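Here is the structure we will look at, set down as structure tokens.
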Amino acid sequence: MLFEEFGFDNRILKSIGHLGFDAATEIQARAIPEAMAGRDLLASSKTGSGKTLAYLLPALHRVYKKKALSKRDPRVVVLVPTRELAKQVFGQLRLLLAASRFTSILIQGGENFNDQHKQLQKDPHFIVATPGRLVDHLKQRHVFLEGLELLILDEADRMLDLGFAEAMRAINAAASHRQRQTLFFSATLDNTQVSEIASELLREPSRVAVGKGFDEHMDIAQHVFLCDHLDHKEALLKHILLNQTIKQAIIFTATKADTVRLSEIIADWGLSTQALNGNLSQSARNKTMESFAKGQFDVLVSTDVASRGLDIASVSHVVNFDLPKQAEEFVHRTGRTGRAGFKGDAYSLVGPKDWFNFKAIETFLQKTFTVDVIEGLEASFKGLQPPKSARPAAKKSTAKASSKASKKAPKKSPAKARFHDNAQDDGFEAFKLPPKRLASRDNSTVQQDLGDEED
């Protein structure tokens, strides 16, 4: 379906044309008519499907065509879970509004609160915000939502995962009037918490589900390699980066320390690279992401702070150097490639410490991945057995005999092996690195990156 068939204001069609879009994606074709009809919308689609335009374009059309309910209050508020996604959505909104008289601002944590207050005093028409910071301004009476016309929630399930349920309710209460329309987008709709909050925010919504929220992306080729240890992972990564035709790549690691360590190693291979993690200030993170979006360097090494919100068509490859603990995050990571109709490649390097996360991802996606092999870089590691609690119970007599035998057997010290510890607790003792590598991954740095989300 072509965008000109929706009946958009000509100014919107002109902006879309400048961005190089002419035909709608499936989520756009199904969601836009419902939103333009003024109905509340409950929608889900896979990552990279074009849902940002599915809600921004109807929002612009409403503002262009309808009279404002209030001169003081914002007309449209877009809520997103993380700063990175907020910046991405805001950037796209500004491009669409470039030739109009309407104003927009970005309200997120990590930025100067007083500066945001001054922006709010100018009565912007559009606000893109993270929930926590917007509630802070509501409490200070810096912004009022009694005249809000359209409330949009993007990745609402992620907001709930990050503990923003009460913030979402507070914003809903501040804009509670019958003329308000709500567009609610979530990766999945089959979730009790999502259903509960949706029932509070929406009134008789139309429902649009394009496949399952976590369906496998058909434009992304998945590649899985087994690894014996850290050196083996690095050798595979080097082979991938130097032997593939790569426009830009994102490498995901489990820890902040590894983003820095790997970026230094990749630079030694002759590729331009930068690290992105929660230790950077917000301004430094913004600068890094802007530089990457402009193609100023080849490889971004990041924690999950970049798994959502980056919409860069030139990202041709994604590498999971460490697998994520949450299966859903695998989909968001790999979804950074294969966007806007381009093909992409996603590589996952699976060592002993990644194995059970890998099996959980297969279960989640209801898919069995084929393990690839590179000649000369084959792994001796072939997988691990399920934990004892997951195995069938042994016969009673055998169990007793085994118990007696174990009491008599002397305790042995666990052998040390050169396996990579990515600080993901799967119930197995962490394999240890040799002394010469241990200094770069001491206990103070092997931490999951928990500081990258909004507060």
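Glycine is treated like the rest: Cβ placed from N, Cα and C.
Taken verbatim from TrEMBL:
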DOMAIN    1-29  domain 'DEAD-box RNA helicase Q'
DOMAIN    2-296  domain 'Helicase ATP-binding'
DOMAIN    32-207  domain 'Helicase ATP-binding'
DOMAIN    236-385  domain 'Helicase C-terminal'
REGION    384-455  region 'Disordered'
MOTIF     1-29  motif 'Q motif'
For the domain 'Helicase C-terminal' (236-385), give the DSSP counts of helix residues, strand residues and coil residues. 58 helix, 28 strand, 64 coil
Helix, strand, coil residue numbers for the motif 'Q motif' (1-29) per DSSP? 18 helix, 2 strand, 9 coil
Would you mind giving the whole-number mean pLDDT across the domain 'Helicase C-terminal' (236-385)? 90
